[in-house]
Amino acid sequence: MIYQVFENVAKKYDVMNDSMTLGIHRVWKDILVHKMNPCPGTLLLDVAGGTGDIAFRFINYVRSVRKRQLQRKLKHHQNLSWQEIFESYQKDEFNSLGDSQVVVCDINREMLKVGKQKAQHLGYSEGLSWVLGNAEELPFDDDKFDVYTIAFGIRNVTRIDLALQEAYRVLKPGGRFLCLEFSHVSNPLLSRLYDLYSFQVIPVLGEVIAGDWRSYQYLVESIRQFPPQEELKAMIEDAGFFKA
Amino acid sequence: MEEEVEMEGWHQLYPGHIPTSPLQKVLLAAGSAVMALCDPYRHGKAGERSACHPHMVAVLGETTGCLALPNLRDKMKNHPEGYRILRERPRIRLSTLDMARLQGLPDGSLGREYVRFLENNVSVGFHGVQIPVADPCAWSTGEIGATELSWTSLDLQKVSPDTRMPPKFVDDEELAYVIQRYREVHDLMHTLLGMPTNMLGEVVVKWFEAIQTGLPMCVLGAAFGPVRLSTRKLQVLATELVPWAIRSGLNASCVLNIYYEQRWEQPVESLREELGIFPPPAVRV
């Protein structure tokens, strides 16, 4: 049923996100990547990464870090001839990502399709791969990735504990697990407003923009059913992670 | 999503029903009005589930029909034939229509002309390649969209009555039927009024329906539809077609009170007279 939800909404996924959050979801995702602070050479696994939002931001971030690296290197090469500078710059141009890579993994073919199209449209090609897979049973070897992200995806996983275990498995020792998700609002007034907005407005937006009331009704309800922050923290620690 | 999901607090009155709060209805009406007015003719690409336009018009119709629909239903209840329709709930679908039989009826009969109308719309098979022709009808009643039709390369007739969108936001099961009946009978309106499914023809039918049903969606369609017409067409519309549509609409008895399925053999002209629809003006639409 969850599969069908995302199959139906895949094409309008991004538009809906912008409408529902008034574009704020972009900020949240930016913050996630900033917290990640990846350096060139990082291998990222973005699970439930569907339309590629996190992956593209990762690539942009790494590129700009790399550029700064190169600029600093050049500054130190005070005594090189123009020829030598030109050559070294050229060599590094081909490595604009510094060997960083991101694997986008999603269980839904339609979402991956949209992501691939976006990548093509926006000009992302190197360092990016798309894999069909289940968060509860990842098609990757142990100890492979430096960072694992799951943005707004974990609440759609049936067995969160399994997904966390898999995350632990595929991450290298010292690797980081980053999860971006909606949380419970503790302030009662805000909570009521939030509920009002969620239940009254979001399904309407779903119907009017994506022609799909039910999927967005499901979305709103799944957010409510997701375990609160403290419980999630405990689950993460149960899977073996430290410093949750 | 065809599965009926058990969601908390849902009280479905009929299959496909989505109960909505008054606030949600207002938001839906506003949202669908904006989307519908943007570009009423745009259909989704094949395979794409589009929220647009025919769909939005349908949603608009359902959320604003709260006064007009009970009115229509009462008109039907108080009429012997309308009452029978309400009780028997006939549906116009391909599976219930005997196309072969209708095609065999004499020219000028309701059945024959209806099939002729269906044949001239939406998709024309051409050497196995589907060539979708924009169906403005979809705009006026809330058809799902050309994507939902079955494409066969050899059949020429494929405006399918089956593509009328089932109601979702009407909170009364009988009223849901009334709006469904209105949608399914729309093609017959074209046939009775002799109006093709181009923009001009659609607007004329909308004027007629606006008078007949009082549905805000029809009124909006009648008012905003002409915006996209050329001056020449606007002139014809204003001087001949709309006055005729209004006069006929006012003069005619309720078009939902005719059990069309039992009148296929009746000549269109005779049915027009019976209803009180004046003969269409002799202009090229």
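In case you wondered, yes, glycine gets a Cβ from its N, Cα and C as well.
TrEMBL annotations: computationally assigned, not manually curated.
Here TrEMBL flags A:T51, A:D106, A:N134, A:A135 as S-adenosyl-L-methionine binding site. Proximity of A:N134 (S-adenosyl-L-methionine binding site) to non-local residues of its own chain (separation of 6 or more, Cβ distance below 8 Å) is seen for A:I107, given in sequence order. In the three-state DSSP scheme, A:N134 (S-adenosyl-L-methionine binding site) falls into the strand class.
Taking a C-beta cut-off of under 8 angstroms and a sequence separation of 6 or more, A:D106 (S-adenosyl-L-methionine binding site) has the following same-chain neighbours: A:V47, A:A48, A:G49, A:G50, A:L112, A:G115, A:W130, A:V131, A:L132, A:G133. Listed in sequence order, the residues of the same chain lying 6 or more apart from A:A135 (S-adenosyl-L-methionine binding site) and placing their CB within less than 8 Å of its CB are A:V47, A:A48, A:C105, A:I107, A:I150, A:G153, A:I154, A:V157, A:L162, A:A163, A:E166. As a whole number, the greatest separation of Cα atoms within the S-adenosyl-L-methionine-binding residue list A:T51, A:D106, A:N134, A:A135 is 16 Å. Cβ neighbours of A:T51 (S-adenosyl-L-methionine binding site) (same chain, under 8 Å, six or more residues apart in sequence): A:A10, A:Y13, A:D14, A:M111, A:V114, A:G115, A:K118.
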